[in-house]
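Chemist: Let me give you the structure first, and then I'll get to my questions.
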Amino acid sequence: MQMSLSMTHQLGALAGAAITIENGSIPGESTPTLSSASVRKSPMSNLRCRVQNTGIFDALSPPVSPCRSPIIGSTRPDLSVACRAFATELEAPMMEAPARVYREGGVQDKGKGVPVYVMMPLDSVTMNNTVNRRKAMNASLQALKSAGVEGVMMDVWWGLVERDAPGAYNWGGYTELLEMAKKHGLKVQAVMSFHQCGGNVGDSVTIPLPNWAVEEIDRDPDLAYTDQWGRRNHEYVSLGCDNLPVLKGRTPVQCYGDFMRAFRDNFKHLLGDTIVEIQVGMGPAGELRYPSYPEQNGTWKFPGIGAFQCYDKYMLSGLKAAAEAAGKPDWGSTGPTDAGHYNNWPEDATFFRKEGGGWNGPYGEFFLSWYSQMLLDHGERILTSAKSIFENTGVKISVKVAGIHWHYGTRSHAPELTAGYYNTRFQDGYLPIAQMLARHDAVFNFTCIEMRDHEQPQDALCAPEKLVRQVALATHKAQVPLAGENALPRYDEDAHKQILQASSLNIDSDSVDREMCAFTYLRMNPQLFQADNWRRFVAFVKKMKEGKDDHRCWEQVEREAEHFVHVTQPLQEAAVALMH
């Protein structure tokens, strides 16, 4: 151990870094820490978002599904992450940039750049409410800070914190994790995760809803979203019962509000300083949508159209009332019965066919308007609560919207419709969402920013770039800040360049002074800290932060990043010794 520490000091001295050893999060643990220096920023090149011809779908490389994600962790993920992380931390003076405030508002100053956050592992807090792989976590946060990352995004799981009894909150692991982030000078986007983890895109661990909520759903299965074949989905409580006291005497919206209020009261000393954003979970995967494409048990596979989720008795009661109000009581007994199955394609289902499909007829317009409005009303209710709770705390509130890009080139946009986005060839489904968020001063957080049209399956008419462009235009029109995430783990230069282009929001003549307000990178894991991936990521963060006006070429930034990684590689052995 002494040899390792000596080696660390020597190499640190060679790298020009002042190394000190401080106590870690646990007694007896030691972590190398060092002072950080700012570096000169250069102007940045103008990055334009290329939108391809809407009628052309290029030949593809192997299909990229939205449901492929590496399992977090390997044989020893703590060692894998920490080795690279400890090594990287020691060269911090080269990459460190001045601290910056999380930017608010829809229109940003020209060329100010986009702050990058990194999603933490889904299992950052254990089922016993402690920090998972604590030392590796600490080292990884140091590495992210050294690379110029603005902060991290962490899921605050309802099913962990309020697991055992209504109103009994255990913030244990999160208290330590947030203090760890604060110690390293990282901002935090805290996700109020009111959904189950497991059975969804990229889920690698299982965290169910609180035990007492699951008991209520077992007692009344209609509290779960239900499809036309009676299949129940337990990822999120059905929005059909939002205002009914079905969870031990409280409504679901009251439960969400009480949770957010308890979070605010417990972490009020960090709000607006360390905690800069509260992302409010609205559905499965934390997204404002219905669970229309569940992966669990092989129910859905990409690029299936999914299925409507309105067949629990509470949703059907709402549909019946809406049909009677519209003077069409016959339309209120069920959702579409000709909308196919989860893995059909649009032309396989009568309701979604481009010629004569029910989606474009009077009944379809009625049903889709009702189905999407129920989702908007759900968002409105929870945002009203969130806004009142976090008012004057200095945090921004955000909502995540899913990037459903498959079959986007069809007329009906079937997968978006089943998810609750009434977006078709003839109707903009994202403007009403943006307008709803605008009413509550919330950030519109959108996924699939890294994807390019030609990388996706041509026959499924996938068009992520066109979808991102539509969302950017909708948020611009509604004057809502737009933030982004990548939908899949990507470490390649092509994905990074696509994110840079999309985040610059160069989509029309009015967007010169506009950029995304933040970008969150999926996700902190051993793969990110592998040498080549880390080098590319460091260069990516630098380009993102420097904004539209930087005129240096990508290769120059990459060379700087390569030097940064190369100098720190010899420290890996010292890091391994420290881990033990």
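Placement of Cβ uses the backbone N, Cα and C atoms for every residue, glycine included.
Note that the structure is predicted; figures quoted are calculated from it, not measured.
Per TrEMBL, active site, proton donor is recorded for Glu287. The active site, proton acceptor feature in TrEMBL is assigned to Glu485. Taken from TrEMBL, the feature substrate binding site applies to Asp155, His195, Asp203, Lys400, His405, Thr447, Asn486, Ala487, Arg523.
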Chemist: Which residue, of the binding-site residues His405, Arg523, has its CB surrounded by the fewest other CB atoms within 10 A?
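Modeler: The binding-site residues His405, Arg523 were compared, and Arg523 has the fewest Cβ atoms within 10 Å.
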Chemist: Rounded to a whole angstrom, what is the C-alpha distance between Asp155 (substrate binding site) and the residue listed as 'active site, proton donor'?
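Modeler: Distance (Cα to Cα, whole Å): 13 Å.
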Chemist: In sequence order, what residues of the same chain, 6+ apart, have a Cβ less than 8 Å from the Cβ of Asn486 (substrate binding site)?
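Modeler: Set apart from Asn486 (substrate binding site) by at least 6 residues yet with Cβ under 8 Å, we have Thr447, Cys448, Ile449, Glu450, Ala495, Ile499, Tyr521, Leu522.
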Chemist: Using a Cβ-Cβ cut-off under 8 angstroms and a sequence gap of six or more, which residues of the chain neighbour Glu485 (active site, proton acceptor)?
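Modeler: Met119, Lys400, Asn445, Phe446, Thr447, Ile449, Phe519, Thr520, Tyr521, Leu522 - these are the non-local Cβ neighbours of Glu485 (active site, proton acceptor), listed in sequence order.
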Chemist: What is the Cβ neighbour count of Glu287 (active site, proton donor) at a 10 Å cut-off, with all protein chains included?
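Modeler: There are 25 such Cβ atoms around Glu287 (active site, proton donor).
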Chemist: Between Arg523 (substrate binding site) and the residue listed as 'active site, proton donor', what is the CA-CA distance rounded to a whole number of Å?
Modeler: 17
Chemist: Cα-Cα separation of His405 (substrate binding site) and Glu287 (active site, proton donor), in Å?
Modeler: 15
Chemist: Applying a 10 Å Cβ distance cut-off over all chains shown, what neighbour count does Asp155 (substrate binding site) have?
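Modeler: Taking all protein chains shown, Asp155 (substrate binding site) has 24 Cβ neighbours within 10 Å.
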